[in-house]
């Protein structure tokens, strides 16, 4: 007897783990074979039951092998239904976001790969990200960190074209103050990646977010390290403007590597022997954001904070470097008669 939709839904909804391993490949074969599954798209209520059960009892299963098999079945549905799977995205996203923070690399990687595949075949990246924003506030710190990595992967696969980053950046900025240092690092790496794709407009927009001075200095320092990156898509914008290198077809979606925290070394492109030349140094020195100081009192307060940081060797090295950068900013953008007071 050939399986039909009613039989497949019954297999999906049963809870015996051993049986799930047996029927999983059969379910995938049924979904991908259009002749067998000619009734897949005709009974919406049965499809809804099937996807809901896959999301809640397979993808969210405590047994990681069941979770992986569940994601394989959902992936088959995306392949088969394409844009018609769009109505099911809201059902599976919460479980996939949970899996992004799983303790096993294999599960995290597959969850991210499935999210990227969904962005490519079922809906636009922005449609998916509009529904993933809650992931930045997930109770699991590993998940919050992984959502940042997922955005980095999205930018690397699709570019910033089609993403309204102005909707996403405030959530990332909030994570700069996260209790977890790993999450803070992930958020910082995420902003650096956005800067690499979008360019100087990011720093202008970040200056309007009201971030604490210490975070602003640290962030500016990181962004300055990438300001001479030749791969910045200058025509992109934070609001999802045109990108010259962003749109990629289905062939560009590949299984991503393990979602581990990127090292600082891996984020720098290799260059020729020796340091930067004089022209590059001058450009990097002057390529700093503007500041808004309207009185000598504000200037004095800022300089006192910098003096306190630089004179105390117990301060974090990153804070001291950021303080030096802020002196450069002041020297370039403030009236010389203020500077002469110091």
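Each residue, glycine too, has its Cβ placed from N, Cα and C.
The model shown is predicted, which means the values in this text are computed figures rather than measured ones.
Looking at 230-272, 273-315, the stretch flagged in TrEMBL as region 'Disordered' turns out to be 230-272. Averaged over the domain 'TOG' (6-228), the predicted model reaches a pLDDT of 91.
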